[in-house]
């Protein structure tokens, strides 16, 4: 048994590489029957509408929903978060099919288009508590969604400040006005509910593997024998002293 990575489209290779850096084997998943060979699943970032069409073509949605209902750990990043949400808004005409399970409402492309992609240092106290390392995580947001509402059983793991949409003008006749009187707005960008984990950003595009390590601990906590079913890649010892080595981010 190994960690499955949905490999229809998007950054599945990057997730498999991140798992490999932790000594865990990632298995590409493209067909429903392949889910029987894994104990957990990562749904990567990508183009959510395209991924949904491919998943529908391969009849994956019923199997994915059953996988979630069985209580197996599933982590969705960016487009994967949209897949796991119970409700998604801001979608293209006709919408897209969802797997569901996370009691939240997600806004697709909340932060804007491709050219409005950005990086931000996110306070992550829960991640630091479990994995150690720096107090912040550098989130890579690419046409990213955001969580607008969460249910009572959802744990918020990270929030991101929303830049003000007010435009400041400067000229000889108009003085620039400060916006310090405007209250800072934040949206949820990482959350957890039972066996489900969601991040609006792309941890797989950095060298910081703490989110992957956090997810692997979720796999180990699911049930008896689950931790021994994680297949090491290249015979790497997965045990550590709690002080995970953090490389510098790629970006």
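The backbone N, Cα and C atoms fix where each Cβ goes, glycine too.
There are 30 other CB atoms within 10 A of the CB of residue 78 (active site, nucleophile), with all protein chains counted. Positions annotated as active site, nucleophile by TrEMBL: 78.
Per TrEMBL, active site, charge relay system is recorded for 202 (among others). Counting only same-chain residues six or more apart in sequence, the Cβ atoms lying under 8 angstroms from the Cβ of residue 202 (active site, charge relay system) belong to 11, 14, 45, 77, 78, 139, 140, 141, 142.
Here TrEMBL flags 204 (among others) as active site, charge relay system. A sphere of 10 angstroms centred on the C-beta of residue 204 (active site, charge relay system) encloses 26 other C-beta atoms.
Using a 10 Å Cβ-Cβ cutoff, residue 48 (L-glutamine binding site) registers 28 neighbours. Sequence annotations record features per position, and here TrEMBL assigns L-glutamine binding site to 46, 47, 48, 108, 142, 143.
Every protein chain considered, the tally of other Cβ atoms within 10 Å of the Cβ of residue 47 (L-glutamine binding site) stands at 14. Residues 10, 45, 49, 78, 79, 82, 109, 144, 145 surround the recorded L-glutamine site, their Cβ atoms falling within 8 Å of the Cβ centroid of 46, 47, 48, 108, 142, 143, which are themselves excluded. Rounded to a whole number, the distance between the Cα atoms of residue 204 (active site, charge relay system) and residue 47 (L-glutamine binding site) is 16 Å. Non-local contacts of residue 46 (L-glutamine binding site) by the CB criterion (under 8 A, 6+ apart in sequence, same chain) comprise 8, 9, 10, 11, 78, 79. Over all protein chains present, the Cβ of residue 142 (L-glutamine binding site) has 19 other Cβ atoms lying within 10 Å. Across the residues the record lists as binding L-glutamine (46, 47, 48, 108, 142, 143), the two Cα atoms farthest apart are 12 Å from each other.
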